[in-house]
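Enquirer: Can you keep this structure in mind? I'll have questions shortly.
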Amino acid sequence: MVSLTFKNFKKEKVPLDLEPSNTILETKTKLAQSISCEESQIKLIYSGKVLQDSKTVSECGLKDGDQVVFMVSQKKSTKTKVTEPPIAPESATTPGRENSTEASPSTDASAAPAATAPEGSQPQEEQTATTERTESASTPGFVVGTERNETIERIMEMGYQREEVERALRAAFNNPDRAVEYLLMGIPENLRQPEPQQQTAAAAEQPSTAATTAEQPAEDDLFAQAAQGGNASSGALGTTGGATDAAQGGPPGSIGLTVEDLLSLRQVVSGNPEALAPLLENISARYPQLREHIMANPEVFVSMLLEAVGDNMQDVMEGADDMVEGEDIEVTGEAAAAGLGQGEGEGSFQVDYTPEDDQAISRLCELGFERDLVIQVYFACDKNEEAAANILFSDHAD
């Protein structure tokens, strides 16, 4: 018999006694009975990994006295499809069917209320759809800016110091649920990160130098921001970038990233432009100030990309356009084994695809995600399985 304690985001504890041979699915069933929900809504996390239903308690390494974090997702609302009854055909006027003609008024009268029922159900269906959109919008994911500060304050109310909370959020890529899990269970060694570089007050107060005559791009469109900044500073990128870096006191072409981040960004831009947007999203989640920094200094960002791809910005923008149009990244073990990473298609690219990568991708697919999506996120996260799982659950879970 193994005694385990299950905790959630609110630090509610649910003790359960299990057999080592019990599967995770059986464990979820017992836990669901204790907290009054369905086992399909429960996710169990231990040591930074989502436990699979098919494995047993002993196979997951759970021992007597261990603590497991559980998260309960919102129950999907099911819409009942209302089918409109067929309209009664007009009665014939032939002499042989006079009886049916005489009976038609009563039939039409009884069919009228039934025909109006679907019309009355339309607002209810619209209300259900609105409720689903609201629930989807409120699903917790990455938090940045003011929302991140509010999250820190809420977690501090649980008894943690601000430094501990910020460290956990950085390790969890700004995912509140995962950060609380790390505070309860400890941050894995491979996710411990050094303190981020503090941005100077001059950089925060520096006004944007983008041209005011051109139409401003959407706030969330980093590519349009960067492209507009590149056009505005065409022919003078070196001068503008040098002035910006001099004001910030940093090296040329620096926008506050670590060396590892720059290497990953340049590698993705050079060999796989389609994965640039997921990588930027991942980096922005770890460095909340990066997004504002790029929008305030688009010319520095463009200069860095140009340096990475040899002044061929068109390839980067075409890769981003292809990604938006829905092209998928296709990587197969056979192609990698035969050294065929570079195909004939325009969207092909070469990657190191090992059997370990195939196993990791298969495990992520077992969580219920499409293989094409898993491959994109997995390689965008530099083959970090835990980071890929975090992004999949945060941004792509239904």
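Glycine is treated like the rest: Cβ placed from N, Cα and C.
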Enquirer: Tell me which residue from T94, T354 Swiss-Prot records as phosphothreonine.
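Expert: Looking at Swiss-Prot, the phosphothreonine feature maps to T94.
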Enquirer: Can you identify, from 19-40, 195-216, the stretch that Swiss-Prot calls region 'Disordered'?
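Expert: Checked against Swiss-Prot: region 'Disordered' maps to 195-216.
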Enquirer: Which one of K13, K49 gets the tag ubiquitin cross-link in Swiss-Prot?
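Expert: Residue annotated ubiquitin cross-link in Swiss-Prot: K49.
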Enquirer: Among S100, S121, S136, which is the one flagged in Swiss-Prot as phosphoserine?
Expert: S121
Enquirer: Taking helix as H, G and I and strand as E and B in DSSP, count the residues of the domain 'Ubiquitin-like' (1-77) in helix, strand and coil.
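Expert: So the domain 'Ubiquitin-like' (1-77) is made up of 15 helix, 27 strand, 35 coil.
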Enquirer: Give me the non-local Cβ neighbours of K49 (ubiquitin cross-link): same chain, 6+ apart in sequence, Cβ-Cβ under 8 Å, ordered along the sequence.
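Expert: Expected: E386, A389.
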